[in-house]
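Presented below is the structure to which this report refers.
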Amino acid sequence: MKRSISIFITCLLIAVLTMGGLLPSPASAAGTKTPVAKNGQLSIKGTQLVNRDGKAVQLKGISSHGLQWYGDFVNKDSLKWLRDDWGITVFRAAMYTADGGYIDNPSVKNKVKEAVEAAKELGIYVIIDWHILNDGNPNQNKEKAKEFFKEMSSLYGNTPNVIYEIANEPNGDVNWKRDIKPYAEEVISVIRKNDPDNIIIVGTGTWSQDVNDAADDQLKDANVMYALHFYAGTHGQSLRDKANYALSKGAPIFVTEWGTSDASGNGGVFLDQSREWLNYLDSKNISWVNWNLSDKQESSSALKPGASKTGGWPLTDLTASGTFVRENIRGTKDSTKDVPETPAQDNPTQEKGVSVQYKAGDGRVNSNQIRPQLHIKNNGNATVDLKDVTARYWYNVKNKGQNFDCDYAQMGCGNLTHKFVTLHKPKQGADTYLELGFKTGTLSPGASTGNIQLRLHNDDWSNYAQSGDYSFFQSNTFKTTKKITLYHQGKLIWGTEPN
């Protein structure tokens with residue numbers, strides 16, 4: 001009996017810690033396929049990165065800071081936490097060449113090897129980054145680069161999760177045709193003698209912004225991609241125009257470095273601009289890696305000063321940038337794109353017409369995000385035109401600016417509309433509602449919208465107290481609720497508004 005009680009208490013404790021974000025979610029439990037087990041050898045098809053089955057893959061992850069400075073954050077424990085809690089599928093080991101990096105201290109390559117070995121064990125992809133920066137012309141240390149990549153490719157040529165990035169950010173008096181392309185041809189030749197298949201990423205001019213130049217004079221190798229780097233506070237539509245041009249020319253792009261800050265790595269964070277960039281990358285299925293995993297006191301860092309070097313970070317140890325990046329990786333994990341859950345059947349004797357089912361994507365009463373998941377179902381006998389239907393989720397924001405994201409919708413996130421409405425007179429459990437609408441679509445009798453997964457957060461990423469919100473309740477399965485209201489052409493047709 002005592003043993004049974006002990007087991008029960010242990011299970012309860014694990015459940016509480018998991019809900020509180022102190023332990024990895026069940027999605028990371030043993031038995032779940034790792035990214036590499038699922039996708040295997042990567043290759044290029046057109047402009048797309050594809051897996052062994054030829055299906056498009058979008059990798060998302062984070063980069064180390066310079067290994068010579070912040071290498072202590074790069075270890076198996078931290079990468080495991082990033083895989084299990086953040087959901088990363090790729091990690092970038094940024095080995096600076098100058099500034100106390102490989103050229104002055106070749107032993108820093110041992111940290112690269114540690115990262116690769118950890119990634120192999122954990123089943124995630126890893127980018128070996130020859131991180132030129134102040135030494136802006138890649139030819140300055142070309143022979144050292146060839147020496148380094150000869151060693152790396154001889155070690156990992158049969159390892160499908162390795163990706164080579166052979167010139168981080170060429171800059172200064174450097175151009176593609178004269179400097180970067182000839183360098184790349186020589187280094188690629190060295191790698192291909194040992195590794196015929198793995199992806200190679202080549203930096204482009206002006207700190208890896210001139211993908212348009214590379215697109216006009218592409219390398220011959222079939223599995224080469226071109227690096228695009230941006231910082232949300234500095235770079236905008238003009239750089240996306242360059243990316244669009246490169247894609248139109250058939251040049252595959254990998255964003256191996258981007259930051260929520262300005263180009264200095266400090267200043268900001270610029271979350272609206274970051275969101276605009278990530279929406280763009282998602283629309284093109286472009287893989288990305290965020291800068292950076294460190295506790296350096298600058299806005300692009302993911303961790304606050306003094307955070308653990310081995311993972312296990314509570315949300316309070318994450319910076320605004322780290323919180324944003326974590327949620328944008330977690331929100332698009334493969335688990336949200338599997339076959340949608342089948343909702344429980346409505347009781348047709350009680351629920352005529354259109355109804356709502358809900359579950360809490362984040363059941364914590366104190367959380368920096370609200371994640372309602374909805375099904376809207378037609379229980380009636382007539383087809384419903386969704387463009388005439390809106391749903392309202394009622395909650396308290398306490399005068400904070402609101403942000404909306406759609407993590408997944410069976411009918412497509414692009415088919416949704418939304419607006420936040422502040423009540424002139426607060427009601428019980430609500431001073432605001434989110435109104436969700438639809439651009440197109442119909443629901444035939446008995447049909448459902450399928451799973452709609454939403455995510456809301458305050459501008460400053462502060463916590464909500466969800467326990468007081470009218471529409472919120474803790475449920476990890478879909479349940480019918482009348483506290484999320486439905487309207488047809490503005491007229492209430494389902495549920496009860498708060499008093």
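Just so you know, glycine gets a Cβ as well, placed from its N, Cα and C.
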Residue in Y96, Y156, Y245 which Swiss-Prot records at the substrate site where H65, W69, Y70, H131, Y231, A263, S264, W291, K296, Q297, E298 also bind: Y96
E169 (active site, proton donor): tally of other CB atoms within 10 A of its CB: 22
Among H65, H131 [binding-site residues], residue with fewest other Cβ within 10 Å: H65
Rounded distance in angstrom between the Cα atoms of A263 (substrate binding site) and E257 (active site, nucleophile): 11
Cβ-based isolation winner (fewest other Cβ atoms within 10 Å) among the binding-site residues Y70, W291: Y70
Among E257, A263, Q297, the one of these recorded positions whose Cβ has the fewest neighbouring Cβ atoms within 10 Å: Q297
Pairwise Cα distance for H65 (substrate binding site)/E257 (active site, nucleophile) [Å, integer]: 11
Farthest-apart CA atoms of H65, W69, Y70, Y96, H131, Y231, A263, S264, W291, K296, Q297, E298, residues recorded for substrate, distance in Å: 21
Distance [Cα-Cα, Å, rounded] between W291 (substrate binding site) and E169 (active site, proton donor): 14
